[in-house]
Amino acid sequence: MSHISVLLFETVESLLADRTTGVYIDATFGRGGHTRLLLSKLDENARVYAFDKDPQALEVAAALAQEDPRFTIIHASFADIKEKMQEIGVQSVDGIMADLGVSSPQLDQAERGFSFMQDGPLDMRMDNSKGLTAAEWLLEVEEEDLANIIYQYGEERYSRRIARAIKQAGKLDTTAQLAEIVKTAHPKWEKHKHPATRTFQAIRIAINKELDDIEVFLPQAVDLLKPKGRLSVISFHSLEDRLIKQFIQKESTLAEDSGWGMPQQQVDTRRLKKISRVRASEEEVKANPRSRSAWLRVAERLEQKGA
């Protein structure tokens, strides 16, 4: 299956807000669908920078950089976005977009170890040049910690019995082995959902530190945005969406009075204005079922107070 970018036009249009030039960042290049559309809307003076840590994504990005001198790829996690941009002399940008989660090619390639639908080595690393594989991590993690991770990151109600079964199995080498253990341990299957779905999601999030990276990325992204610059982020599950929602809420709400019952003037620390929250259309969901769970949240950088 080729990768189909989710909420493609909605994301790029929300990012540009009718602009045709400027400096932009795609924080999750993937296979470049959003970046290519963005470049097609921009004039010759614009610049687009993209981040990714997946070696296969970097190959696609390197080819695009050869085709289009306005584009630069940076081999790094978006959690390092501010530091990496400052290293190349970019202090502020007009827009930042991110498409979170695993891309279709990663899921479809058995050797990447993300999918329970195809047998492959139990890997799951976004950047397979460093860090523990899922197989190595499962050997090291304590049963109680594993149960908590499956519960928190997979929102799996049977996390304890699944964690117990995984740890009792000992060394696991393939995705099929893990999927079968989870399937056997799971007492109640959800309609239209493989019983290993939530557990695989939880392990992937844990070994790639996905939620940690999002929490680090969001405030840095706002730091980089110019006034009226846009932040457009696509999430695919409730954990990601909750983080983004809470962050935008916090950055767009007046701080509560903490005057211990005494009158105190509120300080306006708001940095963002909510713009929109968008779901994929029925037509897009039919064409690309993966888009069913996707949410796009858009916010705009406010003018700096006292500037």
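Just so it is clear, glycine is given a Cβ too, placed from its N, Cα and C backbone atoms.
Since we're looking at a predicted model, the values are computed, not measured.
Every protein chain shown contributes to the tally, and the Cβ of G32 (S-adenosyl-L-methionine binding site) ends up with 22 other Cβ atoms within 10 Å. Per Swiss-Prot, the feature S-adenosyl-L-methionine binding site maps to G32, G33, H34, D52, F78, D99, Q106.
The 10 Å shell around the Cβ of D99 (S-adenosyl-L-methionine binding site) contains 24 further Cβ atoms across the protein chains shown.
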